[in-house]
Amino acid sequence: MLLLGCIKEVSDYELVISLPNGLSGFVPVTQISDAYSKMLSMQVAQGELLEDLNSLSDMYSPGTLVRCIVTSVEKSADGRRSIKLSIDPRKVNKGLNASALASGMLLSGFVSSVEDHGYLIDIGVSGTHAFLPRQKAQNYIKAVKRGPDLKIGQNLNCVIVEVKNEGRVVHLSIDRSEVAASFATERQNWTLSNLLPGLVVKARVQKVAPLGIKVSFLSSFTGIVDFMHLDPEKSMNYSPDQVMKACILSVHPTSKVVRLTLRQSFLHPGGSPNQLSNDRMGAVVEESTVKAFYKQFGAIFELDDGTLAFARLKHLSKTRKSFKPGVFKAGCKHKCRIFDYSLMDEMCIVSLKYQVIEARFLQYQDIRTGDVVQGKVFALKPIGMQVKVADGIRGLVPSMHLADVILKQPEKKYSIGDEVRCRVLECNPGGKKLILTLKKSLVQSKLPVLSNYEDAKPGLITHGFVVCAKEFGCIVKFYNDVKGLVPKNELSSEPISCPDKVFHEGQVVKVMVLKCEPQQERLLLSFRLSSKSAPEDKKECTPQQKQEVKYQIGEMVDVKVLKKKHNGLEVSILEDEGNVIAWIPTVHLSDFVVNCKLLCHCLQEGDVLPRVMCLSDKGEHITLSRKSSVISAVQEEQVVQSFSEIQPGMLLTGYVRNVMPFGVFVEFPFGVTGLAPKVSMSDKFVTDTKDHFVVGQTVIAKVMSIDEEKQRVLLNLKVSECTSGDSAAESFALLNQYFKEMKEIRNLLRRRGEPSVARGLCELVPGKELQLVVQDVKEDGSALFSGSCVTGLTVTATRYHLGDKNVVPGEKTKALVLHVDALTSRVYVSLREELLKRRPKQVCVQRTPSTLPSCST
């Protein structure tokens, strides 16, 4: 079905379109035009922003009329219909062909290319090249004030000025005066198969009825003007044979019913409907006067400022049974509330329902972070609970926020339709995103709501919730994603050696702000509410970074750990007497992904790390790396310092910067980056890139090609392509580095606060034979074990590694260590006879393309 619509909202990924009769539809970003979709695909494939690709908000604004076609109508869980639309000219103008084009026709077109003397316009007609001369666009460009040029993907109302070669070439104009004066005539040979919404025609009244009028136009066509699209100034003062201008609103594809409007805003193409003032949305009108009542549809009212409003039948009373038609005679007055506005009908949409008039919220914009709201449980899902706050407003309560404690079976506590009282954690009206909490401690809290870093003044006491408890302390979150750190020494007046055993994820806590840096979004907190913040003269006791100190990329330094954070270590450089602060990201602690987390977990404040390399020194941020492969590449000058040094065929050592569905971005020392497309990532077929690579992973990449003009590098990460020739020597060097790091990790574990567990982890190595006792056999066939040599550790054997043995609790057995996970204190063992007899040595296996080897038995 073809419709004339008006843009109501513009977001990054779709246009919200107002349709006739109070309906709304959505145009996805992929349904704009063929040229725009191709540019989107190119940007996704390259993983970089294209200069010529403009966002929807750069090209479209609310109030603009557009021709659309319905692509689908879907029904949501609550019974509402979602109308999907397209404004692609190939779909909207599909009824047109080259031979049907004629001078004076008004068509929708989209800019597909910017040329020296004008623009190529896509009008969706196969075999036709449409050209817009630059001089025919200047008037329009100046009026819309969106830059010196039209943009690819921009929607235009185009008038055909000239047709050449039987429609194969047409010249267009978008001059505002020419567009506004355009008229559909019989000479243009319009047919029912290619008739378009938005055309202005001369219409003759055939019949006047209570619900509208029937008209004829373009000699042989008939159409309907319903009561909502009569000219309000003329009301029902129409008579047969009366001639007036009308605009086509919609064309039904099967019934061929054509609907038109007589409203003045639509009678000049290129115009814009009247809009509602922002301060009127949500307003309660004490006395609105009934202008007309239609028993099958609803009633039209005149509001206190003279504007017209429409109330659908279901909004005239609380229930159908309580509805009394007699109170809606012309002239009767009623109290109502404006809850929407139809641009295409130029009418407010109102409700007389008491619950709507008294409602606290009508749209997402009405809700503020920290508000306490009432809602009904709408759905229970694995990620959390959906709550209906009002008609058209839904929020999500994440699983962690269903109660003060984590609920394993929320369906036992909540049922669909239950009334719940929540607090708003985050509200994004633009994205229609609402995050709620049901934690009583937060909902009932009388303390100030902390929703931005600027409000976090030292001494402020408020409620938050723990999102992470680690050895270094706790991360506490507040409203609007504001979060801060409670360091280990501020957790309690008494020392706490293992914060993760005292605090748990989701726990509501009362905290005091010690220090805040709003621009860096850094927040230092304390659970010790009675403690005083440090005096000003003592706050400079920690090392500060000196602007005058500069470090060269590749320079080796020794550092001391100052502070542990969830994503890395804050360190001081010893060469500068500890007065320079630097940063080692967790992913740069090792070449081996598994060792990165282990090292970050084991290292403590005060530990010294020798021979760390400066990776970058940008402004206030010095970033360091302990990746041995990267350090070796820099020291042996097997790196490129600029794009101009890159040559196809080079083997370069780098690290994964980003993993996208279409490929992997790799960064090298000195800041040069490249893309390894999905097809060049592995010798095996890649289904999901995230199954093969993680951010920070060390890789060896081969340069496939370079694009000097666009400064782009394409890489190959296939193992078969990325070896220098002596793969055995490379593998043994990596294996040797892995064992050195594991030895370092064992030494760190021995210094930790759990001597028995640490000692056990250090003594257990892959290949060691153990005497164990079966503790439990699980439903999935796996088994748990205990023993004096594994006290405090979780020992597991999978169903496969039990072999053909039917073990029972209490049974003694021999087992071989397969893998030791020091981070979780888990040990994986095997009872298979073939492994126990062979007592295998450690071997090095390359598991995934371009990753450094990891050890297994």
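Cβ coordinates are placed from backbone N, Cα and C, and glycine is handled just like the others.
According to TrEMBL, the feature domain 'S1 motif' maps to 1-88, 104-175, 198-263, 370-439, 459-528, 649-718.
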Ranking 198-263, 370-439, 649-718 by the number of C-beta pairs under 8 Å to the domain 'S1 motif' (459-528), which range is first?
370-439
Rounded mean pLDDT for the residues that make up the domain 'S1 motif' (1-88)
87
Using DSSP, what is the helix/strand/coil residue split across the domain 'S1 motif' (198-263)?
3 helix, 35 strand, 28 coil
Using DSSP, what is the helix/strand/coil residue split across the domain 'S1 motif' (1-88)?
23 helix, 36 strand, 29 coil
